[in-house]
Amino acid sequence: MLSCRFLAHSSAAASSCSLSLFQFDSHFLLFSTNPNPNPKPKAPFVPSSWIPHLQLQQLLYDKSKAGFDKLEDALVVFDKMLRMKPLLPVLKFNQLLAALVRMKEYSVAVSMFREFRVLCIPADMFTFNTIIKCCCHFNSTLDYAFSLLSGMIKRGLVPNVVTYNTLIKGLLSQDRPVEAEHLFKKLIKFNEIQPNVVTYTTIIDGLCKTSNTSMAVDLFRSMEKRGCKPDTITYNTIIDSLCKDRHVDHALGLMSEMNHKGISPDVITYNRLIQGLCHLDRWKDTARLLSEMGFMKISPDLHTYNILVDAYCKIGMTNDAKHVVETMIQKGVFPDVVTYNTLMDGFCLTGRMDRALEVLYTMRSNGIVPDCYSFTILINGYCKRQKVDKAIDLLKQMSAEGLKPEVETYNTIIHGLFQIGRHGEVWNILHEFLRNGDKLNIVTCRILLDGLCKNQHIDEAISFFGLMECNGQIHDIQLYSILIDGLCKNRKLDMARNIFNNLASRGLQPDVVTHNILIRGLCQEGLYEEAKELLSKMEVSSCLPNDATYNTIIRGSLVNKKYEDALVWIQNMRAHRFSADASTTSMVIDLLSAEERDPSVLAFRKWFSQ
C-alpha cells in the first residue's frame, strides 16, 4: 500500500552584396531536399505482472541512459522494486533516479528520494548528488539541497567536487550570484575541495549570464594561476559573452590564445565569433573565419548556417541568404524550421511576400511543419503592407491546421487593423482571442489603448483604461503615457494633467517620455510657463531631459513667441550635445527668413548670424 500511495503522490506532482560568402549559379527554387528519415519509434514499455531480477536490472541500466517513455512506466518499476525481497542494491535505485533526471521529472525524483528515507533504503554519494541536482532546478527546493549537504556529512559521506559544482550552478541559475561567490571562496579558503575546470566554468558562465563579463574574465585569468587549465568550454563561454558585449576583437584574441596553448577551438567557438562579427557587419572577417574552419577541418553545422541566414536577412541581403540555404543543402546539412522562418522573415522585411509564401511551401514540401512563429511572420508581413485581410485568412488557416495562435499573433493583427482604421473589427478579433481562454498581456493593452487614441476614439480609450484600472491590470508607465498623449491630442489637457499628477500615488515614476508628452501638450495649449516649470523640475530630479525634451520646449517657446527663451534652450541643448530635429530646424529657418520687425525676432536673428 505504501508504494501505491507514492504512485498517487508522484502522478500529482508530475560589407556589400557582392561580397557573398557563398557564390552559386543555381536559381532559387523549391529546395529539392528530402528530410532526414524519422528514427524508428521506440517500442512502448509494457509493464508485465512479473519481471525477473536480471531483466529488471538490465531495464534499469538501459533506462538510466535514455529515460522511460512515460512517467507511469517508471513509477510501476519503482513499485515492483519495493516488492522484491531482498531489495535490489542502491545502484539500481540510483539508475531509476538517473532515468527520472533524463526525463526532467525532477520533482518526482525528489519525492521518490523522500520515500527512500521513509523505507530506510540506503543512499550513497551518487544518490545525494542526483537529488541535489534535482533540487537546484527549483528556487523553492534550493534550500533543501543545502540541507541534503548537511545530511551527507552526518552520514559520514564527504561531499566531492561534483556536489559543490552542482550547488554553485544551482545558486547561479536561481539568480543568487553573491551566495555562489561566497560558497566558492569558502571552499578555496578552507581547502574543502580543489576546484576543477567545471567549477570555474560554472561560475564564469553564471557571471557572463548576469552581464558581469569583466569579472568573468578576471576569474578566467586566475584559473591557471591556481593550477587549473581552462578547456574549450571555458573559452567558448568567455568568447560568447565578449561577442555579446561587442568586444569581438578581444574574443578573436582569445581564440588565437587557444591555438597557442594547444586547446582546439570547435564549431561552437567559431559559431559564437561568426555571430559576433555578423552583428558588426564585418563580412570580410566572417569569410576569413569560414575559410579557417575549412582549413581546420571543422564543418559548419546547422547553427552556423542559421547565423549566416539571419545576418543576411537582417540587412536585406535575401539573395545571399538563399545562397547559404542552397549551400547547406549541398553540404548535407538540412534546414530546419528556424532556417525557413528566418528566410521568410527576410523576404517579409523587404516586402517580397510572394517569396515568403514560396518559402512556406518549400518547408511543407521538405517535410518541415510550419510552427506558430512561421504564420506570425507572414501575418506581420501582410499587416505592415496593410493587407490585413490576407493576415486574417492566415489566422484562420492556423486554426484549421491545429495551431493555436499566440498572443503575439493577435497583437500583430489588432495593430494592423488600427493602422488602417478598421476599429470595429478589432473587438471581433479580441473576443475570439478571449474565447480561446487566452489573457491580454501588457503589449496587447498598449496596442489597444494606442490604437483607440490614434483613431480618435478617446472615450473608448478612457473606458478601457478605467476597466483595466478596476481589474488591477495596469502598473505600467507606458500605458499611462499613451493615455496622457491621447488626452493631450484630443484637447483634454485637464484630465491628462490630473493623471500625470497622480502617478506617484499609484507607485509610478513618470519617465522622460511621459514628461515630454505633457510638456508638448502644455505648449500646444499656450501654457508655456507651466511647461517651462515642468522641465525645470525634471532638471533637478533623477529624470533628466533628453534631445526630444529640448526640441519640444524650443518649438513651444517659438510657437508662444518666447524668442529669448528659445535662445536659452538652444544653448542648453548644445551644451548637452543634443541636436535639433527636422521640425525644430524648419521652425527656426522659417523664423529667420520671415519679414518680421519684432525686436525680439531681430535679436534672435542677430544671435544666429553671430
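Placed from the backbone N, Cα and C atoms, the Cβ positions cover glycine too.
Residues annotated as repeat 'PPR' in TrEMBL: 124-159, 160-195, 196-230, 231-265, 266-300, 301-335, 336-370, 371-405, 406-440, 441-475, 476-510, 511-545.
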| task | Could you put numbers on the helix, strand and coil content of the repeat 'PPR' (336-370), residue by residue per DSSP? | result | 26 helix, 0 strand, 9 coil
| task | Take the repeat 'PPR' (231-265) and count its residues per DSSP category (helix H/G/I, strand E/B, coil), listing them in that order. | result | 26 helix, 0 strand, 9 coil
| Long-range environment of the repeat 'PPR' (406-440) - Cβ separation under 8 angstroms, sequence gap at least 6 | 372, 375-376, 379-380, 382-384, 386, 388, 391-392, 395, 398, 447-448, 450-452, 454-455, 457, 473
| task | Could you pull out which residues elsewhere in the chain have a CB under 8 Å from any CB of the repeat 'PPR' (266-300), counting only those six or more residues past its ends? | result | 15-16, 19, 21, 232, 235-236, 239-240, 242-244, 246, 248, 251-252, 255, 258, 307-308, 310-311, 315, 328, 331, 333
| remark: Across the repeat 'PPR' (441-475), DSSP yields 26 helix, 0 strand, 9 coil
| query | Per-residue pLDDT averaged over the repeat 'PPR' (511-545) comes to what? | reply | 91
| request: Give the residue counts of the repeat 'PPR' (511-545) per reduced DSSP state, in the order helix, strand, coil. | output: 25 helix, 0 strand, 10 coil
